[in-house]
């Protein structure tokens, strides 16, 4: 049987590689970067969310610096992408799937870690989201782009739902493995469905009358 | 008599709602966002400064995740704003007052928290400022805008003065309630006076000869 | 004989002044700022990297707020620059040398601090880099510029090499003073050589075929 710690570790490492590939690839597409820039942005995408979560929780030194497997996974993913960018860029759907995997894994492992370190249920949901979207947000900010979580295809929402499932099941005392699996699959599904059919969260009502006043 | 902890809590929660309203409203005015984006930016404005302060102090898990009242207050303020943006946007002066309240509350509660967790006096003043201006700065950065604290109407200065009063009074061993009240009122007054009469901090001397060299 | 703690402190304070001068000066050149903006950006450049490192390590309250000498050094450097910007701006080579000194000092002291607080060797190298480039990256982000570490003249690479030397020597149990000196000098040399002869890290292979797909 898979233990809870091992489950979180495996989700985290798989998410790290997936996010490093996605982060490095979108960095390459948006701007002209050298090797160092690609490694930095891949690593930031992959480890930024978890590092912020751990610093906020006081789970320090954060995993990304105390456990060599996290930076190794992130640098591996970014390095692969640096050399294989030409081929990976053709695989847009595959890339979105990678990103959805990272999103689902991180939302669930992030919420679980937050609960384990004493966050409130509401706080654990927010930290699950932060783990999932934080790294990509910092990458977008470093590229002077408005972070895609603010407007894109239920991106943050899918992380929110995944984290929420984990926290609610934990509150009801359920075993960890099944809810975690359901939560990961739900988050990935929402993200992919929203991407495929361009579903977005509702916009601000009557916004035009406001922006007109600006 | 109001205890010191309760005072800090009340200041913090009132500031959280005020900042969430202000943050969500300016986010709506600057760019086209969906519901998730408004909630994210309202929450970041309201809780970002305090979360950075607590992570820097090691006061972890930070209040925003260990105490459910902070995210509840932030989400409440942002949600109200999402639906009532049309009306709130007409109330520009009221909004500036809300923001000034948040600024004053956070500068004072932030400096007090910093002293309680072992910051030096200079450090406590800086952390009071960070608490007050940190969330709005992150919001501006996420919207790809130069943070308004860098150039706007003594914004950071009013937070600085509020935090300074708290720290100096603490050094002289004064009771906490009176200095805190004076500090909050002073910070709010400076902010509102600077806004009303467009008073700014002095610019760089002879800057034109420098930028010409750029 | 100079003790290890004193060495780290001296490197850190010298780096803080150098980075505050450099940070304030580039802030002044890029945009129109008032006194508060210059002090904020100088301080962020000088203390941001170390504060992020300490928050990540759990070395809290971070040095920048628990030890008054750090903010004093940062504000001193920024204030000098505010008033002397006209003269300093003529000294472009001197400014680059200041920046290289800060880079070398911070990479080495950052890696040493990380090892002392339980980071893995890989993590300590990354934290040495973060200490050296983190503050300037936040400054660039606040100015809505793509951080120069992502594309400029082996900037991050020189910090990487400096931190790597410290960590490898520590792994082999060498005395601290000699490796630290070698590491600082190596980092500074790489930075200055790369600046003088415009040497950059390699770009992404076949990038044009990718960006064309964007």
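We count from 1, first residue shown onward.
Using the three backbone atoms N, Cα and C, a Cβ is placed for every residue, glycine included.
Here is what TrEMBL records for this protein:
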- B:6-28: transmembrane segment (TRANSMEM)
- B:10-85: domain 'Glycine transporter' (DOMAIN)
- B:35-56: transmembrane segment (TRANSMEM)
- B:68-89: transmembrane segment (TRANSMEM)
- B:96-117: transmembrane segment (TRANSMEM)
- B:97-169: domain 'Glycine transporter' (DOMAIN)
- B:123-142: transmembrane segment (TRANSMEM)
- B:154-174: transmembrane segment (TRANSMEM)
- B:180-197: transmembrane segment (TRANSMEM)
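Taking pairs at least six residues apart, the transmembrane segment (B:68-89) and the transmembrane segment (B:96-117) share fewer than three Cβ pairs below 8 Å and do not count as touching. Here the transmembrane segment (B:154-174) has long-range neighbours at 100, 103-104, 106-108, 110-112, 115, 121, 124-129, 132-133, 148, 180, 182-184, 186-191, 194, 199-201, meaning same-chain residues at least 6 beyond its ends whose C-beta is under 8 angstroms from one of its own. Helix first, then strand, then coil: DSSP counts for the domain 'Glycine transporter' (B:10-85) stand at 65 helix, 1 strand, 10 coil. Here the domain 'Glycine transporter' (B:97-169) has, by DSSP, the following mix of helix, strand and coil residues: 60 helix, 0 strand, 13 coil. A mean pLDDT of 88 is what the model gives for the domain 'Glycine transporter' (B:10-85).
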